[in-house]
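Participant: Structure provided below as structure tokens; questions to follow.
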Amino acid sequence: MAALFQELSNILHQEVAMTVVCFTISLVSVGLRFWTKIMVLRKVQVDDWLLAAALVAFGVLFAFQCYLTYLIDRFVKHGKIPDWQTITTTLKTAVIMYPVSMALLKMALSVVLVRVFGANKRIKILVWAIAAFTVLSSLVTSIFVAATCGTMASLIPGLTKCSVLTAYNDIGTFFAAANSLTDLVLVVLSVAALWDVRMARWQKVSTLALLLLGMTTWVVSLARLIWTYGVPQSQWTAAHNTKSVFFSIVEIFAGITGTSLSGIRPLARIWQEKIRSSLKGSYPSRGVLSTTHGRPASDSTEAVITKTDGEPGHNSRRAQDHNVIELQEV
């Protein structure tokens, strides 16, 4: 038992170190997004709050991960046997935060895509269906984690008997596979949205790169499945199962960071213009950062629409400009 917990302690310390870095970067990225929305665009939308909620879930996971590491370290270093119920509750809470954060991220992306494809009812229905499916599967997974013995039996195979262990593993596999597939669908929809809008090529590339970073969760989910089932279930060990948490951390980190950074382009343009003006010794002269009494325009709508070609009454142009605005405010 001591050797087992020593091995778990080493792995958990590595995971905590990785989570510190990932959570810090995610925190900064969400902070920049809110700074952009409050100080530049002057509006905070539903998807921003959903991202903030996903960050909170990530923080809760991190806190309970640290506490679990502390409990195991006390046993390894000082021989203090921790309360088994406390370990179980701590572990379950940390595990539940993974599907919760994934559901919040998927909802945030869905809100953005619904705004972009506002005129296309079929795509809106598809996006909302994906969001509803993710929330439902996340809820089922969370309830199963909280109500059964599967979490501990999966973490340390053979230590405890659990009649629902197979069902627990199957539900976890289904959630990971479904999360990967639905993320891939959202990636395709995002590419389609960028393909149709009138935007400079470098803007399309940068926006797409950040959106894809936010949706690389499907790649990580697939990698986690390959890692987990690359070994027969009969050969699963505590170390093997615990290391799968690395994939979950990367998944949450990539989703929050990529989606958040894709929404700070208005702030990046302001910094770019300030740097240019300081180098040239003059104020920005381009229409991208139209100002009112020395302040940035309160809405990016002004900044984008000033770049039209003199066709304010053209419906298709307005629709394209609307898509550009929404993609800039992802």
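In case you wondered, yes, glycine gets a Cβ from its N, Cα and C as well.
Predicted automatically and left uncurated, TrEMBL annotations should be read as such.
Pulled the feature table from TrEMBL, pasting it below:
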- 16-36: transmembrane segment (TRANSMEM)
- 32-269: domain 'Rhodopsin' (DOMAIN)
- 48-72: transmembrane segment (TRANSMEM)
- 96-118: transmembrane segment (TRANSMEM)
- 125-153: transmembrane segment (TRANSMEM)
- 173-195: transmembrane segment (TRANSMEM)
- 207-227: transmembrane segment (TRANSMEM)
- 247-268: transmembrane segment (TRANSMEM)
- 286-322: region 'Disordered' (REGION)
- 288-303: compositional bias 'Polar residues' (COMPBIAS)
- 308-322: compositional bias 'Basic and acidic residues' (COMPBIAS)
Participant: Grab the same-chain neighbours of the transmembrane segment (173-195) for me: Cβ-Cβ under 8 Å, and only residues 6 or more beyond its ends, written as numbers and ranges.
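Facilitator: Distant Cβ neighbours of the transmembrane segment (173-195) are 99, 102, 106, 109-110, 113, 116-117, 123, 126-127, 130, 133-134, 137-138, 141, 204, 207-208, 211-212, 215, 217-219, 221-222, 224-225, 228-229, 323, 327.
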Participant: Any chance you could find the range in 16-36, 48-72, 96-118, 125-153 with the most Cβ pairs under 8 Å to the transmembrane segment (247-268)?
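Facilitator: That would be 16-36.
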Participant: Other than its close neighbours in sequence, what residues sit by the transmembrane segment (96-118), given a CB gap under 8 Å and a spacing of at least six beyond its ends?
Facilitator: 45-48, 50-51, 53-54, 57-58, 60-61, 64, 124, 127-128, 130-131, 134-135, 137-139, 141-142, 145-146, 175, 179, 182-183, 186, 189-190, 193, 214-215, 217, 248, 251-252, 255-256, 259, 322-323, 326-327, 330
